[in-house]
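This report concerns only the one structure given below.
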Amino acid sequence: MIGQLEHLARRGLFLFDPEAAHGLSIKALKSGLVPSCAAPADPRLGQTVAGLVFSNPIGMAAGYDKNAEVPEALLKIGFGFTEIGTVTPRPQAGNDKPRLFRLVEDEAVINRLGFNNEGHGAALARLKACSREALIGVNIGANKDSADRIADYVTGIRTFYAVARYFTANISSPNTPGLRDLQARESLSALLSAVLAARDDEARKGGRQVPVFLKIAPDLTEEGMDDIAAEVLAHGLDGLIVSNTTLSREGLKDRRQANEAGGLSGKPLFEKSTAVLARMRKRVGPHLPIIGVGGVCSAETAAEKIRAGADLVQLYSCMIYEGPGLPGRIVRGLSALCEREKLASIRDIRDSRLDYWSGRNV
């Protein structure tokens, strides 16, 4: 019955422009119209990562709930954690519309939204109303016209410190001109120094250390990956998120929209993002937490991220095609995998296909 409702809801939403459909889905979650398909708790899926206790490894990626409108509603439908944002200090409209495109044949999305959001103030007010137990991360970015982008990230740390369970510094969106330049070694070193100094200062004041993750692009050279790994380890960062959207259009079936500018996400991103994940795991070693994201559409693809080196997994675009029951289905599938393979913990499969994925030429 739930599957039929999801199918009908998807058909209805696909009658709308993608951005309008996104807004309607937020309203549905706010109103409680989305039924919970959460899976039963399974201790084999729980784990502690970066000092945080996760009930299951499946999270909602940043980009869906940009303004912190529905974080707790997302947790109720089966996600183990959720990440709001990207939020910038000042509100900004983002790029001109249309800026969001469905590639239905590929089960993919191209976006050039450009960090459209209501700013720190609006998101902070909403997060203050959330339970302190809710596992909500805050994805921070810089305003497009900022004179000092690093200062914008520092402002994000200080503004949300009391309400964030973790932070993600997003330096890998392709839709803010020059933002990916912060992945270059000298710039990245300056950013990490400033962000972690702000975090440590806030921790001294409040007695609680909030972990900071870095979200990177999948379109990195081998040298670029070397530089990021070196700086992340040198600065003692808490973790990585691999990866953001790609500029590549390789292998797409839907050629009508493939030439739209912006970042590609969804199923076609899976192989590329998973290969980069494995290569980064090889570079940073076994202990640094990594969240794998990109093309996760099923329990099998989620498990494959873990086999390639991820501790946790996020998704977003595939839920557009699979519906709000997707996180629950994935969690049930991971429980079934643990049962089938007699695993004490889902962590037992981590890195089991690390060599395969790190060697993939994608």
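The chain as shown is numbered from 1 upward.
Each Cβ is built from the backbone N, Cα and C atoms, and glycine gets one as well.
Summarising the annotation, Swiss-Prot assigns FMN binding site to Ala62, Gly63, Tyr64, Asp65, Lys66, Thr86, Asn139, Asn170, Lys215, Ser243, Gly266, Gly295, Tyr316, Ser317 and lists sequence analysis as the type of evidence. DSSP assigns Lys66 (FMN binding site) to coil in the three-state reduction, outside any helix or strand.
Following the DSSP three-state reduction, the secondary structure of Arg112 (substrate binding site) is coil. Over all protein chains present, the Cβ of Arg112 (substrate binding site) has 21 other Cβ atoms lying within 10 Å. Per Swiss-Prot, substrate binding site is recorded for Lys66, Asn111, Arg112, Leu113, Gly114, Phe115, Asn170, Asn175, Asn244, Thr245, and the stated evidence type is sequence analysis.
Counting only residues at least six positions away in the same chain, the Cβ atoms of Thr86, Phe115, Gly141, Leu179, Arg180, Asn244, Thr245, Gly263 sit under 8 Å from the Cβ of Ser173 (active site, nucleophile). Under the heading active site, nucleophile, Swiss-Prot lists Ser173.
Within 8 Å of the centroid defined by the CB atoms of Lys66, Asn111, Arg112, Leu113, Gly114, Phe115, Asn170, Asn175, Asn244, Thr245, the record's substrate site, lie the Cβ atoms of Gly63, Thr86, Gly94, Ser173, Pro174, Thr176, Gly262, Gly263, excluding the listed residues themselves.
In the three-state DSSP scheme, Gly266 (FMN binding site) is classed as strand. Shown are the binding-site residues Gly114, Gly266; the one with the most C-beta atoms within 10 angstroms of its own C-beta is Gly266. Here Ala62 (FMN binding site) comes close to Glu83, Ile84, Gly85, Thr86, Gly137, Asn139, Thr168, Asn170, Lys215, Tyr316: these same-chain residues lie at least six apart in sequence, with C-beta atoms under 8 angstroms from its C-beta.
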